[in-house]
Amino acid sequence: MTKKTDALYAAPLHDIIDFQFDERVVAVFPDMIQRSVPGYGMIIANIGVIAARYAQPGSHCYDLGCSLGAATLAMRQRITAPDCDIIAVDNSPAMIERARELLSLDTGLYIPVTLLCSDLQEVTIENASVVVLNFTLQFIPPPQRLALMQRIYAGLNPGGILILSEKIAFSKPEQQQLHIELHHDFKRANGYSDLEISQKRSALENVMIPETVAVHQKRLQTAGFSCAELWFQCFNFASLVAIK
């Protein structure tokens, strides 16, 4: 499949609507996320590495908010624990349809994957050894986030993990501004114009709410996790691994 270039915000828009994962976004998503999220490829590759270490025989691995299935593919190609499977969930029908197409091209003798088009907050999590939330929690209203962490914790087997990747905020204003500016420089270096950066930011401001690493770690501790280790950060994007 040819990767299409993201030009969704290249022309001036009179009315900027809230960002949503519709067919237009799905068509350019691989290009969009590679050019927008510093270290995305490294995060995806190492989700596979981490999942391979913690996947338990006979358990489920969940990719909640799987989009086109990049993390699912990384886990599928790395996990060797017997009788494991992956349950990949997204609430965008367009994302699930395209993920199904991409997974069908991955013809190796890997562990089975079930794709579900569903609200991840309604999915039963049970007998889990690995749960992935890769840039997903930030789109869930903050008052609902602790309940989701508690559900994930309850569904994990002892020794299981949650991999949580997020755009993050900073408590000090000067630190926050520095990382915003560095991220914008990253996007410019990847070919986005100032107009595209500004319009995309306006589309996201009401639907994506970042939090500090400390807030994430405190919430994970409240949910019951024994530790929540920051294993990756590049500018204002980070990933943690939390262990039950």
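From the backbone N, Cα and C atoms, a Cβ is placed for every residue, glycine too.
Per Swiss-Prot, the features are:
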{"type": "BINDING", "residues": "Y40, G65, C66, S67, D90, N91, D119, L120, N134, R201", "note": "S-adenosyl-L-methionine binding site"}
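By neighbour count, meaning other C-beta atoms within 10 Å, the densest spot among the binding-site residues D90, D119 is D90. In the three-state DSSP classification, Y40 (S-adenosyl-L-methionine binding site) falls within a helix. Summary for the binding-site residues Y40, C66, N134: the Cβ-based neighbour count within 10 Å is maximal at C66.
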